[in-house]
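Take a look at this one; I'll ask things after.
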Amino acid sequence: VTWGRPGEGDTMQQTFTVLLFCILMEPQPELWIESNYPQAPWENITLWCRSPSRISSKFLLLKDKTQMTWIRPSYKTFQVSFPIGALTESNIGLYRCCYWKETEWSKPSKVLELEAPGQLPKPIFWIQAETPLLPGCNVNILCHGWLQDLVFMLFKEGYAEPVDYQVPTGTMAIFSIDNMTSEDEGVYICRTHIQMLPTLWSEPSNPLKLVVAGLYPKPTLTAYPGPIMASGESLSLRCQGPIYGMTFALMRLEDLENSFYHKKPIKNEAYFFFRSLKMQDTGHYLCFYYDGSYRGSLLSDVLKIWVTDTFPKTWLLARPNPVVQVGQNVSLRCRGPMDGVGLALYKKGEDKPLQFLDATSINNNKSFLLNNVTNSDSGIYSCRYHLTWKTSIRMASHNSVELLVVDKPPKPSLSAWPSTMFKLGKSITLQCRASHPVLEFSLEWEERATFQKFSVDGDFIISNVDGKGTGTYSCSYRVQAHPNIWSHRSEPLKLMGPAGFLTWNYILNEAIRLSLFMQLVALMFVVLWIKWKCRRLRIREAWLLGTAQGVTMLFIVTALLCCGLCNGESVEETEIIMPTPKPEMWAETNFPLAPWKNLTLWCRSPSGSTKEFVLLKDGTGWIATRPATEQVRAAFPLGALTQSHAGSYHCHSWEEMAVSEPSEALELVGTDILPKPVISSSLPILGQDLQILCKGWLAGLGFALYKEGKQEPVQQLGALGREALFTIQRVEDKDGGNYSCRTHTEKHPFKWSEPSEPLELVIQEMYPKPFFNTLGSPVVTPGSRVTFNCSTPYHHMTFIVYKDGNEIASSDKSWTRPGPSEAHFLIMSVGIGDGGNYSCRYYDFVVWSEFSDLVELVVTEFYPKPTLLAKPGPLILPGKNVTLHCQGTFQGMRFALLQEGTQVPIQFQSVSGNSADFLLHNVTAEDSGNYSCIYYETTMSNRGSYLSMPLMILVTDTLPKPRLFPEPNSVTSLGENVTLWCQGPLPGVRYILHKEADATSPQRWGPTSNDGAFPITNISNASIGRYSCCYHPNWTSYTKIQPSNTVELIITGLLPKPSLLAQPGPMVAPGENMTFQCQAEFLGSTFFLLKEGTQEPVKKQRPRGYRADFRMPALRNEDSGIYSCVYYLNSDPFKGSNLSDSLEIWVTDKPPKPSLAAWPSTVFQLGKDITLQCRGPLPGVEFVLEHDGEEAPQQFSEDGDFVINNSEGKGIGNYSCSYRLQAHPDIWSEPSDSLELVGEAGPAAQECTVGNIVRSTLIVVVIVALGVVLAIEWKKWPRLRTRGSETDGRDQTIALEECNQEGEAGTTTNSPSSTSQGISVELPVPV
């Protein structure tokens, strides 16, 4: 802005050139006129002066730049009056006013010019624009007439009549120019007159010139000698445009008012010279030019000028790692805060720089490259700024990177979790860690030379079964760049054990086992004893039969009770125990016409964890063992075939603790004959196509398919690899029969193989294929749980799941559930080798179903993540096409495109290169969302990459509003730092910050940012205000742009703090209403309600009185928190008061439940106490502890700590706690979660402890009772025997019939004793 100050020129003309940016000025006091003679105001004039934001104790009135009078009111106030009286020649002139700001006078108000008596004051004229003055924007022109009830007229140069007029109620009129065009350019003035006297006009205001920018191309702005200079040095800025004879202007964005320069050169360029630079000259500069009609150009690009005595610090980063092997390439990435300057790489000990990067290379993210490093490249590297011009700036300190070139990577670290001591039944996880990316870790056991485990993540689980886990371990690793070179071994780590205490379940199980064994032995002895004593037993010995029965019943009862012992709840789903995948076997030769001259057998596994391969002949003969290569395969050379090589070959793959199934057998018949092929087919279904696969073992062979009963081949195929696929279209009944295939060499004379084993095709009806899917996404990470669902509408079916064509799991018939059949198959923890193509089918007794559709299970996080880009951009108009380009690392992969919210990938592509393009046709709003992609290999268990970074695709013709929010808060104090974040839904856009102009200056546009961050440091009065933002895509787009929400940046501490109350109180139930009352000392204020933890005010209000009532209806639990309030005066906005005292609010019908924890653990140790710690979120509470649901009155605590001892076992049980507010003793909180204290070790399985204890107690009671009975009977046995021998010659025995004979009822047997007595006694005794 350029103007001539009043009194400095003959015409006293003030000229404004309005440009893109506004002037940031300190708020001025307001000066106006009041008179009690509306038709002749000069008869009695009173001047009023008002401060914009604060009360003051002194006001000053100036006339013609000299002090006229000052007033000290009796109390501090906002405004005072200066009576002038009747206007005469002595008191005409230029008036301004100031107010006292504690330590100094404020800036003066706008100039009020009082003309001679009989004339109105001269109005003042300025502009206000909500957007830059570009074609199509809106502009407000403001005219201040000093008096009320005036008529305002707007005139434009070249027009006799006014272009607009207004009759406002105040002292100022606003003229709006909508949709500004080049026709609106020109010089404007403003005049006023009294409504009742239309002939009495004021003097015209100073002219205002409007310049519409953007009509000419933008110029270029360059700095000489460079954009980075030291203080005191000279600098020349050159602004060059394409048109001659223009006027050039230069601006510094940080201080537009004092850094606005004009030059009118003859040529098409202008130089702006700085003789001695100062630190405050640092900033962002731009320039433009305009013609004599005030039609301006676009603004030049912003040029950052640095004025500094010391360069800022640079940083350096080595990729992929500062520790590299000989022959590897290293990238050294150097960056610094200065733009537009080159960088140089230095090595310690060398004076000259090694490499240079110019500013363009830095902007393109290029780095310093060290190719094929050797040991001589080891050293300490640093980077510095490299200037092409001379300057006295000192080089500051800079960080450095030490590059270490080794033949072996450094050793890793090895640790054990949870400790190096084995607990009974527990495992230990050994964690091998390195400081840089690793391809694979290896674990070695010093006590076993052949032991070796491999892991991708460095975790190894070691169990101590039979004490075989103890010993000394070490680990090493290898990196991606050199997979054949292993690092140095880590320090050895020794595992010891077992240690710890026996658990109750362990002792119980061992006792049950021993009891069952002893009872079984006892039962066998009883059976043998009965067989031996069965023929004749005396009555006194008959009790032994009852004892035998008791022992038998004891065994039965004990067995039944033991069967009731449980180990936990069973799982309904069928868990898939993943078998080790079957390897693939084939042959290769370098004699394609006579392969038997030199043959090599190859074996490959689809599992990435395979360690070695074994080749066997005829099922048992061990040929050789080979370690697995990086491609997970191994070669077994046989050489020239002889008769000794004839036989059937297959191979196995070995993993850590498992051996795979054998591969398909490769049969070598002998010399001069090709290996016998293997034939297989899909299910023959009537009316559908059938594919028959013939596997020939060697590449480059021809294939022929034969059907039994026909001499000639049914089909023939040329050399297509190691296998051929024959297709029978629309299978009919006549296609059934036995098929075989043969292979032959490619050229004549053909050498044929033996026919394959016959394949019988039986054409039959089949059930339709089942529905097969995963409960969740089929793209999973290692360790995830995957559940497959296979279902059919048919009842009582058995399901089978296949992986890559091999059966891996089956389910039983669902007889108990009526309705359609369904089965769930789950993998508890997915491993890298569990990926693959899964399918399922079902069957009843005789009929099978078709195979289901394949489900591709992809296990991610094995390969590096790809990148996903959108062409032409992520912002798409409805109905257009967009291509999503997924760029991977390796070739020959299969790519999948995923959309957030969908479980299954929406597109698949198998490509030969390392990238795939996914086309979305005629996109609609439903296609908007986040997309990502992966790639995976189809030959190795679908091992996939990490997911790419999500890419937001937006289908719309209008850009969504961005969100503007402050960090940490929009209400802050002077000198603090605040960052305004502008965040939109799209990546790759440029954000622009707007600051809303005040009533006296044009709109100001802020800087741009690529990440949406706008830091505002050392906040002052110039920083406060109302902000908004918008964003512009970097790609071509025809969508509309919407501004964001507004954020008011307020500073505190300038006014007395208000008071804050909550009605009806600080605690209410959810759904109730609450009113916050914030009261200040002054009228005309705007109030804000703040909540701790939020970035912006919760509510804003502008009441008429001294108090603002913030009504909060239907409060929720999340509305609880700490609140405060602040206000500022409407006359001086954004300069706020001190914060009110904090007020904590709780929204709950019950205070939130506390947490209960035990220290040091929940297991009692012998003679040790446990401290239960109850913690709640509220202060000023009293805690109570409950044991097993019964409140213990003595267990109260104010700090929440309760000491529990386990004397006589009374401390074991379930505990919970609650609390009450001391201010509200009748309101108790919810009880905490229950916490169980157990004995010295505690139960191992809580699910069925009670049932086990009851059953075990019954077993013990039965055994003890039996022991008591046996003891009593054993004591009776000698007395019985003695009493029988002491009878007086009378034999009291009763003869019993043998066990295998039946006694007849009614038969009598007389003993001698009975005869002598004359009595016959018959005692039938059943056995």
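Any Cβ shown, glycine's included, is placed from N, Cα and C.
Owing to the predicted nature of the structure, the values given are computational and were not obtained by experimental measurement.
Quick paste from TrEMBL:
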| type | residues | note |
| --- | --- | --- |
| DOMAIN | 29-97 | domain 'Ig-like' |
| DOMAIN | 312-384 | domain 'Ig-like' |
| DOMAIN | 410-475 | domain 'Ig-like' |
| TRANSMEM | 511-530 | transmembrane segment |
| TRANSMEM | 542-561 | transmembrane segment |
| DOMAIN | 768-860 | domain 'Ig-like' |
| DOMAIN | 864-933 | domain 'Ig-like' |
| DOMAIN | 1056-1125 | domain 'Ig-like' |
| TRANSMEM | 1253-1274 | transmembrane segment |
| REGION | 1298-1327 | region 'Disordered' |
| COMPBIAS | 1306-1319 | compositional bias 'Polar residues' |
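Give me the lay of the land around each of these features.
Across the residues of the domain 'Ig-like' (29-97), the predicted structure has a mean pLDDT of 82.
DSSP places the residues of the domain 'Ig-like' (410-475) in helix, strand and coil in these numbers: 3 helix, 37 strand, 26 coil.
Taking H, G and I as helix, E and B as strand and the rest as coil, DSSP gives the domain 'Ig-like' (768-860) the counts 3 helix, 47 strand, 43 coil.
The residues of the domain 'Ig-like' (864-933), classed with DSSP into helix (H, G, I), strand (E, B) and coil, number 3 helix, 34 strand, 33 coil.
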Looking only at the domain 'Ig-like' (1056-1125), what are its DSSP counts of helix, strand and coil residues?
3 helix, 34 strand, 33 coil
